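Among the features that TrEMBL reports, transmembrane segment is placed at B:13-32, B:44-67, B:121-141, B:153-174, B:186-203, B:215-234, B:246-267, B:310-331, B:351-374. For B:118-374, the entry in TrEMBL reads domain 'ABC transmembrane type-1'.
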Amino acid sequence: MTEPVLRLEGLTVSFGTRRGRFPAVEDLSLAIAPGEVLGLVGESGSGKSTVALAVMGDLGPAGRIDRGSLRFGGRELAGLSERALRPIRGAGIAMVGQEPMAALNPSMRIGAQLAEVPRLHARVSRAEARAAAWRAAEEVRLPDPERILDSYPHQLSGGQLQRVAIAMALMARPRLLILDEPTTALDVTVEAGIVELLREIRQEHGTSMLFIGHNLALMAGICDRIAVLYSGRLVESAPAPRLFASPRHPYTRALLRALPRIEGARRPPVPLAGGQPLPHERPQGCAFAPRCGHAQGGRCDVAPVPLETAGPDETVRCLRWREIREQPIVAEPLPEARPGPAVLEVEGLTRRFRTARGTVHAVEDVSFSALEGETLAIVGESGCGKSTLARLIMGLDRPDAGRIRLTGVEVQDRPAGRRPAALTAAMQMVFQNPADTLNPSAPVGRQVMRALELFQGASSAASLRTRLSELFGLVRLPESLAARMPRQLSGGQRQRVGIARALAGDAAILVADEPVSALDASVQAAVIETLLELQRIRRATLLFISHDLALVRQIADRVMVMYLGRVLEIGPATQVFGPLAHPYTRALLAAAPRSDPTAALRPAPAGDPPSALDPPSGCPFHTRCPRRAEVPGRLCADRLPPLAEVAPGHAIRCHLSPEELRKQPPDEERRPAAPLTPSCRGAS
Amino acid sequence: MESLGWLEILGRMALRFAPVWAGLALILGTGFALRGRLGLAGRLFGNGIGLAGLTIVLFWLLTALFADLIATHDPLAQLSGLKNAAPGSPAPGSSYPFYLLGGDSLARDSFSRMVAGARRVLAIAPAATLCAMAVGVLLGLPAGYVGGRLDAALSFLANLVLAFPVILLFYLLVTPEIRETALPRTFAALLFLFPLLFLILLWHSRYRTRARPWAVGMIPILGLGLWMWSGLALDADPLGVWRLEPGLLTVFVAVVFVNAPTAFRIVRGLALDLRARDYVAAARTRGEGPWFIMLWEILPNARGPLIVDACLRVGYTTILLGTLGFFGLGVSPESPDWGSTINDGRRFLAIYPHAAVVPALALMSLVLGLNLLADALREESLHD
Ligand SMILES: Nc1ncnc2c1ncn2[C@@H]1O[C@H](COP(=O)(O)OP(=O)(O)OP(=O)(O)O)[C@@H](O)[C@H]1O
Ligand code: SF4
Ligand code: SF4
Ligand SMILES: [Mg+2]
């Protein structure tokens, strides 16, 4: 076997805090072969970024490598001084983070920044550096390199910036590329493009990669091997296909069950109860025992569980992995919704923002209605106007035109605060960002209580308190948490408090703007479960705004697809995800990561969404539409197609006829899988 | 009797400050024991700079509090023969046998004047700062939160006041011609209304839906508030408990007036930043009124920067008061406040430096302490 590019042996990293030193990563052993992509997956707080920082020698003043070795190409890095590390870091290891802006200088043109890299490392001439920058830009498939090299960072989109960051990292021809959640801040379509690019880079240059992330579905598409971290310790590692086909550790199994799957229609993800202990709060025995369904008292909770070798290249940290035979648990499919009458009707809603650079068409002529007891999902790429639509409906913003009828009453001219109390209580919102949804300076119980006081002011103090504990029970939160401040709660718990607050007035309509997108998969599944349960029990209407198509497919009754402020398609979920769908919906579906490493690759839609600042004339999607050529003449570019009904309750905005749209079954777009086999290992 | 040596002077001074030491020990000891539960304030104990700042500020606060116990003489009394006396000179036949830090040009005790000056400075500076903050909060929050034309108008007003040279403004406000008009009283009546209004809005917006707690809070706020307001601003307290001498009132009004616009700007900026938060949107969607959102959702989350600003502002106000006193503005010539004392002592600075140096050092150390405290608070609040 060839010498691995990177080998960690018993690596233990700790951080000093006010209250003492706590290990963030313990006894971690890993190896990355030349040309291999190793995925390191774990929930937030599991220590995955710490691994990246340790390899980069960038732990900061508080961090320290306590034990273990960290060998890069046979050279020991642990204990090296900053000076000695710098050349290795520059030429041998490069890192791309979640925030590309952090790696770039905001006041320097992209071209100049790229050209700096070869000048630093190889002392080449200015012209050569410029040429190298150009090549690098082309290599990461940046469209129109000329223009991009000449721009400042703030003029580029998130996806383009991430490509620039990757180009910069690649210019030094590193042997190891560390990617720390490189696509978390990006749209699915853009994410798919970046993943495709990484795959190409690996094939062309044989660069080894350490791909750190929390989204297993995404990693399935790129990683050869996957290592799962839990509470700072490795719990399982195996080749990706094996891990997905037959996970060994109960935690890995739970993670896979909690994963939204694009192929699993109407089966909600299965949540994993509880939270990950911080490394210093770990129970005595197996760290996962408190949440493990297979835990055995007297066995699992006695002593730390050793890491076992389960096969060639496979390890697992569980005492019972040989014994556990479990049928793959799948959730009960959701029952068909029995929608009632329309409770929310929106007609011709339009909102434009006049900015210094022009008018943003955030929401254009949107009409739909939401029925009692259904889940209506609103999907689309970032900036397509989903949040603006939600804010308009909630009265946080005023529409320029259009009507909003809430249980028959027109409310478009009444901003929040001026609506009658009954209507205010009837429609409430769940917000996206768990860090921001609660007031950081008030105990969470008091915040829910405040909503109760407003909505049920007439009740006595005692009955309000009973109601508060009922609400906490409803969202499955222990009442003891009511006295805590928001920062003392986890993200998932905060989202639940937000849901409890929204339910204080017995809301009939819940508008949830990306309620789970900032949460880890297992927590995400639990919050979704709570939402769905409430919706089913109380026959509430759930307006579920999301960019995660897999999740939408699993839980939505109806789906509305938006693009640059317009509705491109609306219909029952089964039909929207079926053979007759809008080309944009197809593209979104194709870009969604599949949690199956053996699945064939699908091309992502080309390019970033155009800006809502000056939306293209005609069909908004025509600049990226793969099927535009099938429409005669310049129709797509000149005329906006109508939102035409193609089946009862299913409308599509496209010039192609339903028959033509149907012609292309979803799988035809697939192309032969790129060779992802380990054959290209050791190519460098 | 012999004059005292420096060691003896220091020893005797330390002894005079005994109540301060006791208070310091008590406060710092309790604070240290409870530091885990005190939040931001508690974390100052783990921060060297913060602890130093806190100690200095507390020292002066306690000095102001126990001034009567600490001072050796009446700060206005003159003893014959002790004009410009050196530190440690004996002062036979008075309440204390020595002038610990010497006498000034009118034969008054420098030490006692410094101690009495602390009381004056620490009575005015924090109160004026709080008043200015109340004005800044009540105008800055709507400017930032509501925005639009209201913001434009208020910001214009603030800039107008800021554009006026401060010293000129003071001269104007304290010239006898203007002091005799109703202007200072009117201004005072208006400015002193803000803290009261702040408390009323705070309470009302929180408890408007519940009659009992509403009344329980509102009655004392209105009763106490109006009583103090009538006494301090209108000099019409029927019981005669609250009153401010006219010269001091003018100084107070002037200090609040120049501080308010900068406080306004800070609050407005913070509100502008915080109004886009989801919890603010959540409050709006459940039908909260604007004052609840501003005072209960936005203000508590802006407290970190505001506390830091208040610390710096007390320091700045102390200096401002000193400057005013130095120019003899607004305070009676007898007043022991540090600014006037420095001014009095400056004429003989070359020969008898102690009369000016003592209050100057006092002023410097207090401002230094406040700045250290502000720095530490800023640093610690970043760790949240
Ligand atoms: N207050 C505003 N002023 C100017 N432009 C705005 C404002 N609010 C939103 N926009 C613009 O309107 C468009 C739609 O924004 P919106 O936030 O609704 O998108 P979104 O679909 O929710 O995106 P994401 O998935 O990123 O949350 C964007 O181009 C955005 O920049
Ligand atoms: S060791 Fe026991 S508790 Fe831990 S994962 Fe295995 S079965 Fe579960
Ligand atoms: S109208 Fe034309 S551009 Fe738009 S989706 Fe249909 S085929 Fe594509
Ligand atoms: Mg949004």
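Backbone N, Cα and C define each Cβ position, glycine as well.
Each of B:153-174, B:310-331, B:351-374 was scored by its Cβ pairs under 8 Å to the transmembrane segment (B:121-141), and the highest score goes to B:310-331. Taking pairs at least six residues apart, the transmembrane segment (B:246-267) and the transmembrane segment (B:153-174) share three or more Cβ pairs below 8 Å and count as touching. Beyond the ends of the transmembrane segment (B:153-174), by six or more residues, the same chain brings 139-140, 142-143, 184, 250-251, 253-254, 257-258, 260-262, 264-265, 268, 320, 323-324, 327, 329-330 to within a C-beta distance below 8 angstroms of the stretch.
Counting same-chain residues at least six beyond the ends of the transmembrane segment (B:351-374), those with a Cβ under 8 angstroms from any Cβ of the stretch are 44, 49-50, 52-57, 59-60, 84, 86-87, 101-105, 110-111, 113-114, 117-118, 121, 308-309, 311-312, 314-315, 318-319, 322, 338-339, 341-342, 344-345.
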